[in-house]
């Protein structure tokens with residue numbers, strides 16, 4: 001049956017996200033707060049979507065800041081802090097770790113370092129965003 | 001003479017500038033049977049309570065509700081917010097005669113002991129490290145019950161001796 005196959009795919013996807021460390025136990029917390037056990041139109045999907053929109057915006061803002069002739073590292077700090085918070089709340093562990101890695105570069109006021117760190121954040125974010133989007137599609 | 005406390009769910013005011021964190025705390029609180037109001041800033045929180053912040057320009061959102069008694073049993077607020085921080089909000093609440101007895105819980109993504117102590121010294125009842133979990137919700141009710149007990153004790157004292165000056169504890 002198609003539904004069973006999709007369910008199996010979804011479960012495999014979720015298992016993979018946990019074992020690779022892409023999501024941590026906070027994501028599990030979110031799943032347990034879901035009423036109907038699904039992920040599409042429920043709480044998990046809402047939070048995942050909020051995270052994706054938030055992160056998209058923040059990453060774009062950081063890129064714009066780093067593009068300035070004189071970089072405002074305090075603002076970069078504030079944005080990374082915000083992204084670290086969101087990723088922590090949704091359980092996106094690799095994005096959170098990438099944000100923590102970022103800190104040393106804006107503290108050192110290193111534009112080059114920040115650009116590298118942003119690239120890592122962006123890469124981790126793209127990975128988890130794709131997985132979240134697949135998860136939400138599989139549930140529909 | 002114990003007065004039966006009403007069965008209505010306790011009302012928590014949650015303050016956080018992050019829309020994601022507001023969604024999360026709202027879910028956690030509702031799952032734990034609390035009634036929830038969320039606002040995105042300390043200024044909005046004060047507005048909701050009916051307190052006035054001299055520095056901010058107050059919108060007329062709350063103006064027509066000034067006659068309605070706002071019944072908030074606990075305030076939970078993020079520490080790091082632009083403008084008015086959770087600490088600033090805590091101070092304003094503790095300075096207010098009408099709201100100083102409402103328990104206040106501070107949330108923060110950073111585990112900084114000096115920050116935690118500063119908040120506790122200012123009168124915060126609890127400090128949660130983010131991400132907040134469902135198990136943290138069970139810590140809220142005891143604070144509410146304690147403050148309601150204090151409230152009822154004060155009311156009883158007032159009933160017994162109206163003219164005397166009551167020593168505060």
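Sequential numbering from 1, following the chain as shown.
Heads up, the Cβ atoms here are built off N, Cα and C, so glycines get one too.
Copied from TrEMBL, the annotated features are:
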DOMAIN    B:11-145  domain 'Response regulatory'
MOD_RES   B:78  4-aspartylphosphate
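Using a 10 Å Cβ-Cβ cutoff, the residue listed as '4-aspartylphosphate' registers 27 neighbours. Secondary structure of the domain 'Response regulatory' (B:11-145) per DSSP (helix as H, G, I; strand as E, B; remaining residues coil): 56 helix, 24 strand, 55 coil. Confidence across the domain 'Response regulatory' (B:11-145), taken as the mean pLDDT and rounded to a whole number, stands at 89.
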